[in-house]
Amino acid sequence: MGINLLQVEMDEIRKRLNREPDEAEWRVIDAVWSEHCSYKSSKIFLKSFSMESPNVIMGITDWQDAGAVDIGNGWAIVVKVESHNHPSAVDPFNGAATGVGGIIRDIISKGAKPIALLDMIRVGNLKIRKNVWLLKNIIAGIAAYGNSIGVPVVGGELSFDDTYNDNPIVDVAAIGVVKKDRIKPSIVNRPGLKLVLAGLTGIDGLGGASFASRKLSGENEIGAVQIADPFAGKIILDVTLDIADKVEAIKDLGGGGLAVAVTEIANGFGAIVDIEKIPLRVKDMDPSDIIISETQERMLYAVDEKNVEEVCEAFKQYEYPCSVIGEITKDPIIRFRYHNKDLVALPSDLLLNPLRFIWPIRRIKKSNEKTTVQLPPLKDAISVVLSHPDLVSKEWVYSQFDYEVNTSTVIKPGHADSAVIALPNGKLLAVKGDANPDLCYEDAYECGKGIVAEAYRNLASVGAKGIVAVDHLQFGDPKKPEVYYTFVEAIRGIGEATRFFNIPIVGGKVSFYNENSRGNPIKPTPLIVMAGLIQGKLLKNNIEDGLDIVLLGYTHGELGGSLFSKMFNISAEVPKARLQEDLLSSELVIDAINEEKITFAKDVNRGGLIATLFNVIVHGYGIEIDSKSILSDSDNTLETLFSENGGRFIVLTNEPEWIIDRAKSRGVVASIIGKVNRNSSLLKIDDTIYNLDNLVKNYFNFLEEVTNNG
Amino acid sequence: MIAIIKFPGTTCETDVYKALVEAGVPAIIVKYKDFDPDKYKGVILPGGFSFGDYLRAGSIAASTETMKRVKEMAEEGKPVIGICNGFQILVESGLLKGALLPNLKLRFISKWVYLKVIRADTILTKDLENKVIKMPIAHAEGRYYVDDIEYAKTHMVLQYSDENGNINENVNPNGSLLNIASIANDEGNVIGMMPHPERASFKLTSIDGSTDGLLLLRRLSKWV
């Protein structure tokens, strides 16, 4: 395992230290300064996000494991998003499982009880058998871990693209709840506290942070993957929440292992750790391996001496290892001692302040080769787009998750555009994660805005108003100027949109070096997870015969980045995120829900209007629509039906006039475009009837069949 | 008072507690090592992964001191209810006959199912004969099997059915023998069930507002 530092970093380290670091020290610096832990290519830009708002209790100040916002009645929620892309590419079961474990520990680091998980997964083409294997094992890993610890997976996304053939994207987000005045920091504010470590340290996950900070080599990298032990994770979860009041700070052992955790919890103070006091899973480990091992199910606590015994006693009840391994010192040096000799003695300041880089940025020149393919007939377009795996039922996935444990899941996976969970203070929280790599590939800036707007609309569709977001930015190698350009553009878009909606970003993650085996970066895949509160009524979707179909919002003939343009290889104009349209139509939907004027709401996005309507049809209904009643700037039916521009919702109602009047008074356009009927699987557009029976069957059976044969 | 036993990997203890409160049944969550059978009128073993269950669901829990005490209670005729992992522990410890094998699809299955009440002589199902109720299942090892088909027929309490109470393979979610979702001992005081009544006890979180779980859990109130 090599050191991943750049020459310029090594020179800087020698200069700041005024000496040559020992080998163990190089390994510690490598772990702490890895891209994965230190955000060296991204931090400068991340500072541009809007992180403040009156309800933010803890934002992304440095070294906090997760941010928190006030939700009223003395309660707060904690939100965090993470990925385990590299480990999942190599060992999908353990990679995905440990992703869940890691995010859970981030939440309990705040003393918060995890109440919901979301998984956003992107894998390659399912025609390649390896991708089916990856998918099955990723889902099995999430299920094995999430189910065992009793935190429901309430939602997520699953989509497919060739760009992920070698490098699946496995994102996991978690929500926790905690009494506002009991939130724990992940950093200390005074010396003298004891460092208490729970859990055994092993040889799995060696150099994991460094591994995640470079491209997949294609060689055997299995040793860099951590092994999941959900039962141990459950003990850590239960005990940490039991003892949270007895400790001063809690730190998850994530990337970089103890090297990072000790440095960050000390937060500028120093620390002394005696390596021989660290309980090991394997005998005779190399001392420097112990420092950087990323074995899961470990937790670090800073504890006042008088509480140490009580803290470890709680673990002893479960026969779980717990020991004092060192203490926080006033002297700002991070020391790892082995048999009383310093193996590592590095200034906190050096470790906490890696070099920050702004790499060259080069705008992507889109070769303007408009493919002059002939546009397909509408019938073919419907069939090709609606049978895309992105749009099929994801029941095969969520039925493997224990999504109802905690008896707090109000809207179950697959039932609406957002999940809804009941909170201990009686309020209802809606959550959703959104990404749109096809759009980001076309225009990362518009896409950054677009995914924030989409998440906002998704929450509105159940009656919730967004209050907080976390982001996850996933790109290829940042040193490639074109990749870095998309990264900076996406940040600009996300930042702008979250400011517009007045939603603070309280945490996030950056994952670079996502490339395929030929060195091509993945399509830019920034992701937003947004949470919001239902302040009035909740909408549980319900469809009935005879309801009017009303489209809110204006349809723009912008097919760029759409599923349609991807399937038919057509370049077209990219949809602009007109944020005001998203805000106004979302407010209108929330109004209509509160006044009980609609029974069903769904935002128009992936697959365009057709896909949204298909969502009604799969419930056993038929639909007839009049394409001319769609308010649009295009006369082309393909454009009006397949454009994925924002700002729009489909609602079902028996009071369409109320909706249209209210829309007018709010500056939103709306029109009745059709009606729901009992003619199961039949879609009538103007005078033509399309029988979607086979597409409906494909919708329900696709994932089951493809995974049975894989 | 009904004791809800928490093993280290139990995940549903709070849900069962909340549902019993909703059903008006006094209950308390007890850590498995602290369990004193003389203090309680009945016991519920809730769902989860009692000891991680890497070996076989429920097998380690079944060999604990705690389960010896639960057996004593069962013999005294007190209610002993095992839900999901609790059911697995009951069969592993020999309190109920049979085994819970991996689902036929070899994966965890989480969904709402209909159940037909077959026996109405158990503590939980009194007066409910032939009624069709609805609640969720969530398990990887829930395929009930016993090599004595007569035992299965005479001891089954709930069968997976359609919404009209018809029983056939199409509505068998996991491949259970005879669509069995729940069985009980001769006396009807030891009951194991794969479905989660506690998850069908609250209007807000139920899939359609129904609260059939309470129909079962309320019957514990006369035992406390």
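Note: Cβ is positioned from N, Cα and C throughout, glycine not excepted.
Automatic prediction, not curation, is the source of TrEMBL annotations.
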Study note, to complete from the structure: Given that TrEMBL records A:Tyr39, A:Asp471, A:Gly508 as binding ATP, the matching residue among A:Lys80, A:Lys427, A:Lys432, A:Lys566 is A:Lys80
Practice item. Could you look at A:Gln226, A:Gln374, A:Gln400 and say which one TrEMBL places alongside A:Ser83, A:His84, A:Asn85, A:His86, A:Arg105, A:Ser511 in the substrate site? Key: A:Gln226
Review point. When you scan the chain for residues with a C-beta under 8 Å from the domain 'Phosphoribosylformylglycinamidine synthase linker' (A:2-40), skipping those not six or more beyond its ends, what do you find?
Key: 46, 207, 209-210, 212-214, 255-257, 259-260, 263, 287-288, 291-292, 334, 336, 343-347, 350-351, 354-357, 478, 510-513
Practice item. Looking at ATP and its recorded binding residues A:Tyr39, A:Lys80, A:Asp471, A:Gly508, figure out the farthest C-alpha pair and report it in angstrom, whole number. Key: 16
Check your understanding: Out of A:His36, A:His84, which of the active-site residues has the smallest number of neighbouring Cβ atoms within 10 Å?
Key -> A:His36
Point to revise | Recorded stretch that, among A:190-337, A:416-534, A:548-678, has the most CB pairs under 8 Å to the domain 'PurM-like N-terminal' (A:64-178) | key: A:416-534
Revision key, fill the gap. A:Gly508 (ATP binding site) sits from A:His84 (active site, proton acceptor) (Cα to Cα, rounded, in Å) at a distance of 14
Revision key, fill the gap. If you measure between the CA atoms of A:Asp252 (Mg(2+) 2 binding site) and A:Asn85 (substrate binding site) and round to the nearest Å, you get 19
Review point. What Cα-Cα separation, expressed in whole Å, is found between A:Gln226 (substrate binding site) and A:Glu82 (Mg(2+) 1 binding site)?
Key: 15
**Study point:** Residue with minimal Cβ packing [other Cβ atoms within 10 Å] among the binding-site residues A:Glu82, A:Asp106, A:Asp471
**Key:** A:Glu82
**Study point:** From A:Arg105, A:Gly508, A:Ser511, the binding-site residues whose CA lies within 10 Å of that of A:His36 (active site)
**Key:** A:Ser511
Check your understanding: Of A:Asn85, A:His86, A:Gly508, which binding-site residues are close to A:Asp106 (Mg(2+) 2 binding site), meaning a Cα within 10 Å of its Cα?
Key -> none
Practice item. Measuring CA to CA, name the entry from the binding-site residues A:His86, A:Arg105, A:Ser511 that ends up nearest A:Lys80 (ATP binding site). Key: A:Arg105
